[in-house]
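**Q** I have a structure I would like to understand better, so I am pasting it below and will then ask my questions one at a time.
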Amino acid sequence: MFGSIIKKIVGSKNERELKRLWPIVEKINGLEPQMAALTDDQLRNKTSEFKERCAKGESLDSLLPEAFAVCREAGKRVHNMRHFDVQLIGGMVLHSGKIAEMKTGEGKTLVATLPAYLNALTGKGVHVVTVNDYLAKRDSDWMGRIYNFLGLSVGVIVHGLDDEERREAYAADITYGTNNEFGFDYLRDNMKFSLDDYVQRPFYFSIVDEVDSILIDEARTPLIISGPTEDSTDKYYIIDRVIPHLKKGEMKEVEANTLSGKKKEYTGDFTVDEKARSATLTEEGVLKVEKLLKIDNLYDPRHMEFLHHVNQALRAHALFRRDVDYVVKEGEVIIVDEFTGRLMPGRRWSDGLHQAIEAKEGVEIENENQTLATITFQNYFRMYEKLSGMTGTADTEAEEFHKIYKLDVTVIPTNRPLLRPDFPDVIYKTEREKFAAVIEEIKDCHQKGQPVLVGTISIEKSEILSELLKKQGIPHNVLNAKQHEREAEIVAQAGRKGMLTIATNMAGRGTDIVLGGNPDSLAKQWRRENPDAADEEYAAILAKYKAECAAEHDEVVKLGGLHILGTERHESRRIDNQLRGRSGRQGDPGSSRFYLSLEDDLLRIFGSERVSKIMDFLKIEEGEAITHGMITKAIENAQKKVEAHNFEIRKHLIEYDDVMNKQREVIYTQRREILAGEDIRGNFTQMLDDTIEDIAAAFAIDKVHASEWDWQAIVEAVYKTFGFQIDIPAETMDRLAPESFRKLLKESVHEAYEGKLASFGDELMDHLIKVIMLQAIDSQWKDHLLSIDHLKEGIGLRGYGQKDPKQEYKKEAYRLFMDMMARIAEETVEKIFWVQIAREEDVERMEEEQQQQAQKKIVFNLGEEPATAPQPARSKKSASRNDPCPCGSGKKYKKCCGK
């Protein structure tokens, strides 16, 4: 109560922020006549003037009013688009490193030009991040004309570019691209063998469009670069044939002589937990699988891999649905993005899940992959010196943005008042009744010519609805992952009179739905069909479409604008709001309503019991609908419950990934220093001394007399590592103290090293150290990632021993990291001492082969969304003594099963 009184007196934080920015808007408006009076060349020359002032130390904040006024004037001259006052506020919010929440149709694409132009004046590069290649290309071309007019260069990063094209795009003042492309380029750069081959510059300023989609919805999905293992794929087919013989059961509580008076009992061969997205064998199921696979004990260490793949096959059959989670296209399983409904070709689930689904669908199975490099979007975007974002819906996730990214959300007022009523939800008992009601409402709208956008949460549901509409003879467009190519075209015309569009989730996001139709889109379509037409003819067609669409716009406004019809609630309220936000843009009329049933996934998994009780209490008959505040409240509570659960998962993930992030930074920094030639010899000398120290500590033990040291093992270790026989007179052996032995060993090793250096020469030695060190780092880092994966899989069990799994993970991960650093030093030293002088062309060939090997057969994966942390693919191979132990303990093989 006290807080609300204070808020009334001083205003909310959002109101105070807007109040602070309005005087700057007035200042920009005051400069408008001055900028309008400049010629094109004079306006363009302002960019050079700003760059000089910036280079001399003037802050961007002091340049802001003039720079924004120049950019606004350029927008008017190039596109006849003038930034509104609220768009200037949006630009200032982005420049200050915050998130601007702007409703659909308020011109976010144009807003981004203001902070992008201002920050590009530093010459450090600005990245504008979009959700797909289409938007990256569209926005870089569309807004790029403004930047080019002002003398700035623009680049775009999309799938399929080679390194030279990428390097050129990143060198531009402003670079557009997708989050996946930016992230994978970072990982790829850190696998290269020359700084000249890097494509990215240091991270300065990033504007993330649809920031909620990228930083929240995709935060649980790590980017993974992986290489194939040599494992046979036969096991997936064998296990897949077992699954149909297993019966799904359930867990129930029965009376028992326990403290609670109840115990859990499982029926059937396996149980499914849809909330946790997991499937588990029961005791009966384990026995049946053992019998079918003809093995004696599924939990025997020899068969643990079978257990893992059986569980993944269960998940593939019980939890992953065709045309919902994936589609099968041309003999390939392609993932469907859960949040956007878009296909993600080339992306694969990890940890054997993708192979299990391929076996289930009877398509060719590709080998599992081993992780070579990985990063989460959370840690990628936190590398930018300044990060900002914009979206139509961020306020519901403001807490998460602040806690994880230290980003505040500012809600920007609309340019015109919102005229869209959002009608209460209508709930039915069954999905059949719900769809019947949806068809009736569509008929009503269609008869009067009102355009309708129907939102579904999966391809499967959009196709069911499409079939029902075909039976009724109602013409419509279906927009889902299968029609991805026509996405923008369909969405652009969804506001035309009588148009009915069915769309999955957020498909078409980024393209405005204009009432009456989009004349530019229609003219472009005509141009594609008539490529040889003269420019005059195109101009006449465009004018014709503009007149038609303007007249149709007025008709559609009278009919009530675009009606949004949601057929199911999403787990996140934000995504429901995004669907609603497609209507009522820039003061246009519109409306929205959601139709639900107790069979919908959200209500069935998270809230159906409570909602069902309310419906029974209100005596709702079959076929009868209910619109009640209690029901709406129960649904919102179910959504809040899921949102809180997902937030905890993302928070949990970043706490685990922060450990890996610090290790990744150390390795990547070390690689860059080696590539830059920074103190290569000094680094190697340190490795040499560390290796000498490790050998001395292992054999010359304090408080043990020298006569009892294992001299045979010492001689073998020195020979194996340094390639020479250590020469210690027999009469002095027994009298050596550990410190004397260290000194003697160090002198002998350094003498041998100096001999190598003399015969190789400084230049060749530096080159060899660089190549061998990089090879050792990449090889050991790959194995370390595998060890960390195994550690993550088993760390939860530490909780049963009254230990904090998170703290245990940090300790174990640190120990594994230090072991890896020791192995890198050991491998580098050993190879340098054993290497022989070769011709220069042999060394160059070795380096070239190494680069080709590293870049060959790499695969770009999206790791599966984990419950605790990403779990990239495993590989199985025979372990050498210093490799991570295959049993999954996280220890070296020699200190575990190899004892």
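Quick reminder: no glycine exception, Cβ is built from N, Cα and C everywhere.
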**Q** Same ATP site as Gln87, Gly105, Glu106, Gly107, Lys108, Thr109 according to Swiss-Prot: which of Asp444, Asp512, Asp520?
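**A** When Swiss-Prot describes the ATP site, the candidate it includes is Asp512.
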**Q** What residues, ordered by sequence, lie under 8 A Cβ-to-Cβ from Gly105 (ATP binding site) and sit at least six positions away in the same chain?
**A** Asp512, Gly584, Arg585, Gln586, Asp588
**Q** Give the residue from the binding-site residues Glu106, Asp512 that has the most other Cβ atoms within 10 Å of its Cβ, counting over every protein chain displayed.
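**A** Checking each of Glu106, Asp512, the winner is Glu106.
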**Q** For the ATP site given as Gln87, Gly105, Glu106, Gly107, Lys108, Thr109, Asp512, which other residues of the same chain have their Cβ within 8 Å of the site's Cβ centre?
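**A** The answer, listed by sequence position, is Met102, Thr104, Leu110, Val111.
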**Q** Looking only at Gln87, Gly107, Thr109, which of these binding-site residues has the biggest number of Cβ atoms within 10 Å around its Cβ?
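**A** Comparing the binding-site residues Gln87, Gly107, Thr109, the most crowded Cβ belongs to Gln87.
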**Q** Under DSSP, is Lys108 (ATP binding site) part of a helix or a strand, or is it coil?
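**A** Once the DSSP labels are grouped into three classes, Lys108 (ATP binding site) ends up as helix.
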**Q** Whole number in angstrom, please: the longest C-alpha to C-alpha distance across Gln87, Gly105, Glu106, Gly107, Lys108, Thr109, Asp512 for ATP.
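**A** Pairwise Cα check on Gln87, Gly105, Glu106, Gly107, Lys108, Thr109, Asp512 gives a maximum of 17 Å.
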